[in-house]
Amino acid sequence: MKIAILPGDGIGPEIMAQAVRVLNSLGEKFELESADVGGAGYAAHGHPLPPATLALAKEADAVLFGAVGDYKYDSLERSLRPEQAILGLRKELGLFANLRPAILYPELAGASTLKPEVVSGLDILIIRELTGDIYFGKPRGVRECPDGPFKGEREGFDTMRYAESEIRRIAHVAFQAAQKRGKRVTSVDKANVLETFQFWRDIVTDVHKDYQDVELEHMYVDNAAMQLVRAPKKFDVIVTGNMFGDILSDCAAMLTGSIGMLPSASLDASNKGLYEPSHGSAPDIAGKGVANPLATILSAAMMLRFSFGKTEQANRIESAVKQVLAQGLRTPDIYEAGTTKVGTEEMGSAVVNALK
Ligand SMILES: NC(=O)c1ccc[n+]([C@@H]2O[C@H](COP(=O)([O-])OP(=O)(O)OC[C@H]3O[C@@H](n4cnc5c(N)ncnc54)[C@H](O)[C@@H]3O)[C@@H](O)[C@H]2O)c1
Ligand SMILES: CC(C)[C@H](C(=O)O)[C@@H](O)C(=O)O
Ligand SMILES: [Mg+2]
């Protein structure tokens, strides 16, 4: 079982070190190989996704990814910016299905900015389409505006598009996931305004015919954002496009107490996957030893479950995380009075010690 370890930038190396310690404490024989990615890839090899890193990711059985991004690279041309590394990996590896489970551990009910009764017992799964939409649509760029009231001015433009097969395959993932959970799918779109998302709604409705045991509702994205903070427990599985999924999953992260708690799996059709926390490189706290490593550790658990079928080992990690939270250990992002504040490394050690 070969795992590509791509720590990246900012807090990436700090949180990844803890996930690697946990993996190495399971008593399994994993072959771990690290490579530079993002700003670190650019600094060492002149490209955010160096060819050797991409080759390693392709050849490995799974990829564990930290985070990329650093404001000092924001003025580079787009193709050299750190974020291109994660976008390139998703596209090159065909990782179209992004699973972001937002679960509230009971001990963190008070860490959420929402009232405990609104979030306690929360267990929702956001399924974000990850290789299409306005993220990858062409053409895009800055040009001279060809017509209309702004003719002759410069304009920026992107293209939102979804092919039918892209919508079908993510809809199947969502309905099948719902069959194993609460049997409810909310498809989030903007069909009232956008052609792309009226098409999305029509195709999802058609795929639903194969899953009559699952309830399907459609919801506009603006309402979905509101419902996520009003009554998040009404959702079971949310399926949506790339951009709406990006935004809604950060919103859902806060229901769990902190974005430092939200893991993710990005899967291809054969469940080969890249696993990463949903958060970024957090430059504001990088190097301070205070980042929450639990989203990355929980992403490693998702890797064991989805890519290696090691359910028992995944459960061990998840139980260890529950135990450290029950012990009252908290990184600053989830700290509240009466608990014990710890740093990144201490949190990692606690999880390692709690593995049974
Ligand atoms: N997949 C990725 O690699 C990824 C995801 C999102 C953002 N980014 C990049 O990260 C950089 C920073 O972006 P941003 O500030 O918008 O988002 P961010 O997720 O990095 O940070 C947002 C806020 O959450 C906090 N935070 C994030 N992770 C945390 C953790 N594990 N523990 C405690 N606090 C945590 C940060 O301190 C910050 O206050 C940008 O360059 C962005 O492009 C990368
Ligand atoms: C860094 C960025 C490209 C990425 C995205 O927008 O997909 C991030 O925000 C995420 O959620 O993984
Ligand atoms: Mg995001």
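The backbone N, Cα and C atoms fix where each Cβ goes, and this holds for glycine too.
Bear in mind that the values here come from a model prediction, so they are computed numbers and not experimental data.
Annotated features, as they stand in TrEMBL:
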DOMAIN    2-351  domain 'Isopropylmalate dehydrogenase-like'
BINDING   Arg90, Arg100, Arg128, Asp222  substrate binding site
SITE      Tyr135  site 'Important for catalysis'
SITE      Lys190  site 'Important for catalysis'
BINDING   Asp222, Asp246, Asp250  Mg(2+) binding site
BINDING   Gly280, Ser281, Ala282, Pro283, Asp284, Ile285, Ala286, Gly287, Lys288, Gly289, Val290, Ala291, Asn292  NAD(+) binding site
- How big is the NAD(+) site in terms of the longest C-alpha to C-alpha distance among Gly280, Ser281, Ala282, Pro283, Asp284, Ile285, Ala286, Gly287, Lys288, Gly289, Val290, Ala291, Asn292, in angstrom? 15
- Just checking: which of the recorded positions Lys190, Asp246, Asp250, Ala282, Val290 have a C-beta under 6 Å from ligand 2? Asp246
- Cβ under 6 Å from ligand 1: qualifying recorded positions of Tyr135, Ala286, Asn292: Asn292
- Could you check which of the recorded positions Arg100, Arg128, Tyr135, Lys190, Ala286, Val290 have their CB within less than 6 A of ligand 3? none
- Query: How many whole Å apart are the CA atoms of Arg90 (substrate binding site) and Tyr135 (site 'Important for catalysis')?
  - Reply: 11
- Task: Mind checking which of Asp222, Asp246, Asp250, Asp284 has the fewest other CB atoms within 10 A of its CB? They're the binding-site residues.
- Result: Asp284
- Note on the structure: DSSP output for Arg100 (substrate binding site) maps to strand
- DSSP-derived class (H/G/I helix, E/B strand, else coil) of Asp250 (Mg(2+) binding site): helix
- Which listed residue (Arg90, Arg128, Lys190, Lys288) has most other Cβ within 10 Å, given these are recorded positions: Arg128
- Could you say which of the binding-site residues Ala282, Ala286, Val290 has its Cβ with the most other Cβ atoms inside 10 Å? Ala282
